[in-house]
Ligand code: BDP
C-alpha cells in the first residue's frame with residue numbers, strides 16, 4: 001500500500017483521491033436554514049471532500065431551493081414533492097449537483113450516497129439517481145449490558161455502557177455517522193435481557209444521559225430505543241405485581257413514560273422480551289402477549305412511541321425425550337391466534353427462522369400467518385452461530401433469501417420483504433432489525449470482513465432489491481478503494497463464505513451441533529440430551545426431525561403451497577431436508593448421492609473452500625494495508641483449522657453412527 005491511512009472509520013475511512021475531476025462541485029454547498037439534519041449532511045460532505053481531495057467547501061445558507069441560474073455547487077433542500085419517507089433524489093444538471101427529499105433525513109442519506117459514489121470514483125456528470133427506503137423501520141439491536149459486556153458480542157466491549165454508566169464520547173458520534181450512512185434510523189442500545197441496573201434506564205437516574213445520546217442520534221436521523229423489563233413496576237416501582245390488567249400497574253407505566261418522554265420527546269419506543277428464557281411477562285398473570293403489549297402501547301401512545309414485542313418465546317425447559325413438543329412451533333402457536341389483537345403502535349419482532357439464527361433455517365411461518373399485525377423481521381449479524389466473527393461469513397445472501405421467500409399470503413406481493421415493508425398489507429408496515437455485531441475493537445467488528453455484514457444489513461434494509469453481490473462490491477470499494485483486484489478477490493471470498501460455513505458445519509438445516517452455551521465449535525451431541533428443544537435425532541439409520549403431519553406438524557403451520565412442499569421428503573427443498581424430516585443415510589438426493597455421502601463430501605468441500613479463500617486473500621497482500629491483511633490472515637488460518645475440526649467431528653460421528661464407508665475412501669476416523 002502506497003499510503004498510510006487510518007481505517008478506524010470502517011467504510012467511512014476516506015482515502016485520498018490524487019486527481020479528482022469532479023472536485024468542482026464541492027467548492028460550495030448550499031443548505032437550507034434551520035434544519036439540523038441537513039446541516040449534518042453538509043458537514044459530512046465537507047468532511048469527505050477535505051479528506052479525499054483537500055477541498056474545503058464553503059457552506060452557504062439559502063432560504064429555499066436554488067435560485068435560477070445559480071452557480072456550480074451542491075444544493076441540499078427539502079421539497080414537498082420530492083421522494084418521501086427518507087428517500088432522496090440526487091441529480092446533476094448544468095454544473096449543479098442537487099439532492100432533494102421530502103424529509104431532511106432523505107437529504108442526509110442522499111449525501112452519503114453521493115459520498116459512496118465519490119469513494120468509488122464514479123462520474124457525477126448527468127447523474128440522476130433516486131432511492132426510497134423499502135422499510136419504514138431499519139434498526140439495530142445492541143445486546144449491550146450496563147457493566148460493559150455484550151451478550152453474544154465478538155468485537156470487544158460495549159461502547160454504550162461501562163460500570164453501569166452510559167458512555168457518551170467521540171465513538172458515540174462516530175457510531176451515529178456510520179449507521180446513518182447506511183440508512184439505519186432506529187437503535188436499541190441495551191440487551192433484550194434487561195436485568196439489574198438496565199431496568200433503571202427509564203428512571204430519572206439516566207434521564208440526562210439519554211437526553212444527550214438522543215440528541216447525537218437525532219442529528220443523524222436516528223431514533224433512540226430502549227429494551228424494557230416487563231417486571232419494572234415491581235423491580236423499580238416497588239409494586240407487588242406487574243399484571244398488565246392491574247390499575248396500579250397501568251398507572252405506574254403511564255407515569256414512568258410521561259417522565260421518560262419529558263426528557264427524550266422523540267424516543268422511538270421500547271423493545272420487549274417477555275416470557276422467554278426466564279424473562280418476566282404477562283404469562284405470570286395468565287394474561288396474553290396482546291394484553292401485555294397493549295398495556296405498554298397505550299402508555300407510550302400519547303408520545304408517538306411504539307412497543308416492539310419479540311416473538312422469541314418457547315419452552316426452554318423441554319424434555320428431550322418428548323418428540324411431540326417442538327420448539328419450532330412455539331412462536332407460531334403463541335402469536336398466530338393473536339393476529340389483529342394488537343394496538344396499532346405494537347410491532348411484533350419475529351426472528352427469521354423458527355429456531356434461533358442457525359446457518360440454515362426455514363423462514364418463520366409467522367410471516368404470512370399474521371396479516372393484521374405490524375411486523376419486524378429480526379436477523380442477527382452478530383455471528384453467534386456462524387463463526388463468531390472469527391470465521392468470515394457474509395450473511396447478506398442469506399438475508400436476501402429470507403426476504404424473497406414467498407409466504408403465499410396474497411396472490412401477489414407475498415414475500416417477507418413485501419410483508420414487513422407494508423406492500424402486502426399497507427396499514428401494517430414494520431421493518432427489519434439486526435442484532436448488532438459491533439464493539440469497542442478499533443475496527444468495530446473484530447473481523448475486518450464482518451464489517452460487510454454491518455454495512456450490508458443497513459444497505460439491504462434500505463433497498464431490499466439490491467443484490468448481495470452489489471452490496472459486497474459497494475462495501476469493498478468504499479472500504480479499500482476502487483481497486484479491481486481487491487474487489488474481485490474480496491467479493492469472491494464474501495460470496496463463497498456462507499455456503500462454505502454451511503458445508504463444514506451441521507448439514508441440511510439440522511443445526512445445533514455446537515458447544516452448548518457459547519455456541520462456538522462442533523459438539524455433535526452437545527444439545528442432544530438437554531432441555532433446549534434443539535435436537536438432530538441421529539441414530540444408526542438416519543437423522544433429522546420429523547416435522548411433517550406425522551411428526552410435530554410444524555410443516556402444517558405454513559400456508560399452502562408451502563405446507564405441502566415441506567410435508568414430503570420428495571418436495572421439501574433439500575437444503576432444509578433434515579429440518580423437516582427424519583431421513584435414512586441411504587436416501588438418494590436429487591443429484592444421485594446418498595445422504596451420508598453428501599454429508600462426507602460437503603464437509604471436505606467446505607474445508608477446501610476455506611483454502612481457496614486463503615489463496616484469494618494472499619493474492620492481494622500487496623494491495624491491502626499490512627495490519628488489516630495480518631488481522632484477516634490470522635483469522636482465516638484459525639478458520640481453516642476450525643473448519644477441519646468441524647469436518648472431522650461431523651464426518652466421524654456419522655461414520656460411527658452409520659458404519660457406511662466414504663465412497664471416495666478418504667480418511668474418516
Ligand atoms: C439466543 C441467544 C441469547 C439471547 C436470545 C434472544 O443465545 O443470548 O438472549 O437468543 O434472542 O440466540 O433473546
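The chain as shown is numbered from 1 upward.
Any Cβ shown, glycine's included, is placed from N, Cα and C.
Note: TrEMBL annotation is automatic and uncurated.
Straight from TrEMBL, the features:
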ACT_SITE  277  active site, proton donor
ACT_SITE  356  active site, proton acceptor
ACT_SITE  384  active site, proton acceptor
DOMAIN    10-114  domain 'Alpha glucuronidase N-terminal'
DOMAIN    118-444  domain 'Glycosyl hydrolase family 67 catalytic'
DOMAIN    445-666  domain 'Glycosyl hydrolase family 67 C-terminal'
Between the active-site residues 277, 356, 384, whose Cβ has more other Cβ atoms within 10 Å than any of the rest? 384
Please report the distance from the Cα of residue 356 (active site, proton acceptor) to the Cα of residue 277 (active site, proton donor), rounded to the nearest angstrom. 13
Pairwise CA distance, residue 384 (active site, proton acceptor) versus the residue listed as 'active site, proton donor', rounded so that it is a whole Å: 17
How do the residues of the domain 'Alpha glucuronidase N-terminal' (10-114) split into helix, strand and coil according to DSSP? 39 helix, 28 strand, 38 coil
Using DSSP and three states only, what is the residue listed as 'active site, proton donor'? coil
